[in-house]
Amino acid sequence: MTQPATTPAPAAPTAGTLAFTKGHGTHNDFVLVADPEGALDLRPEQVRRLADRRGGVGGDGVIRLAPTAALARAGERAAQEALEQEPGAVWFMDYRNADGSVAEMCGNGVRVFAAFAEQLGLADLTTGPLSLGTRAGVKRVTKEPGGWYAVDMGAWFLPAGDVAVAQGYDAAVAVRGWSQPRPALSVDLGNPHTVVALSSVEELDGLDLGRAPEVAPVPPHGTNVELVVPLGEEDGPDGPVGRLRMRVHERGVGETPSCGTGACAAALAVRTWQGGSSGAGAPDTWRVEVPGGEVRVRVLDGGTVELAGPAELVYSGELTL
Ligand SMILES: N[C@@H](CCC[C@H](N)C(=O)O)C(=O)O
């Protein structure tokens, strides 16, 4: 049975049932589970059931909100590191892909996590930022006047380093229907991405992403693949704003309507292609259009990257597991 999204989920799961909230960020959708004691052992088959669009709730991923300290005590290294990095990171985002695999990070998920923490009364973003632990370090979320959530995603890097900057490419991607693989750039946002540029929106719209693109060399831990079309620049209040359109095939999921870390990777790849490692002459701010909406990516002073966009909580309910 569903309840309005404003009704807080029960404090703890009862035996055999699991309280959840459904949310999305630009239609990248998640099943959110509150685990305030850090006592929930979410097994991969349970994640798959929650994410199942026919036999469960349905989502591209499952997000467990748990106390960072409890996970650290239980031996979760990323939680221990999060507390060392920032003792105020009280809550931790345990992110799983729809296939049950564990992922380091989810950019859209962080925003929706923040909205979930607000709904549960665990955070008040009107009084200041929320710092939360993830497997890719602590992320700080602020709420913008228009209601969007902005996340400092932290540092990013090109795994192939200077070689990739000099050549612009360090990998090749083959999509079903292409006569040959195309050059691509690997970008690490805490989770792995491989970005390919296409020449037109028509080509992007016509892509067959029903099967995972093949990437060479084969990434050791898999990768998310972003297909991007640069759309030029426009004037913004603080300087030029680059525009991109993107589709994405997510590791552990398939094609999704949006990917926050993927949008950052796409903007950073295009910025590198235009301006090298410093991005000289390329915009610092990017509007990234995805099938599920639009997000904003900004390279911040100090070299970190910010992702901003909406977060929606849709309904809450209880599932028999
Ligand atoms: N949709 C997320 C990314 C989720 C994890 C990804 N599938 C992976 O395995 O790395 C986002 O918004 O960043």
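Yeah, the Cβs are placed from backbone N, Cα and C, and that goes for glycine too.
TrEMBL annotations: computationally assigned, not manually curated.
TrEMBL has this to say about the protein:
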- Asn28, Asn97, Gly107, Asn108, Asn191, Asn224, Glu250, Arg251, Gly260, Thr261: substrate binding site (BINDING)
- Cys106: active site (ACT_SITE)
- Cys106: active site, proton donor (ACT_SITE)
- Cys259: active site, proton acceptor (ACT_SITE)
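Features as recorded by TrEMBL, highlighted on the structure.
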| residue | record | Cβ contacts under 8 Å, 6 or more apart |
| --- | --- | --- |
| Asn28 | substrate binding site | Asp60, Gly61, Cys106, Asn108, Gly109, Thr256, Pro257, Ser258, Cys259, Gly260, Gly292 |
| Gly107 | substrate binding site | Val151, Met153, Leu189, Cys259, Gly260, Thr261, Gly262, Ala263, Cys264, Leu307 |
| Asn191 | substrate binding site | Ala103, Glu104, Met105, Cys106, Ala136, Asn224, Arg251, Thr261 |
| Glu250 | substrate binding site | Asp60, Asn97, Asn224, Thr256, Cys259, Gly262 |
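Fewest other C-beta atoms within 10 angstroms, among the active-site residues Cys106, Cys259, are seen around Cys106. Reduced to three states, the DSSP call for Gly107 (substrate binding site) is helix.
Pairwise Cα distances among Asn28, Asn97, Gly107, Asn108, Asn191, Asn224, Glu250, Arg251, Gly260, Thr261, the recorded substrate-binding residues, top out at 16 Å.
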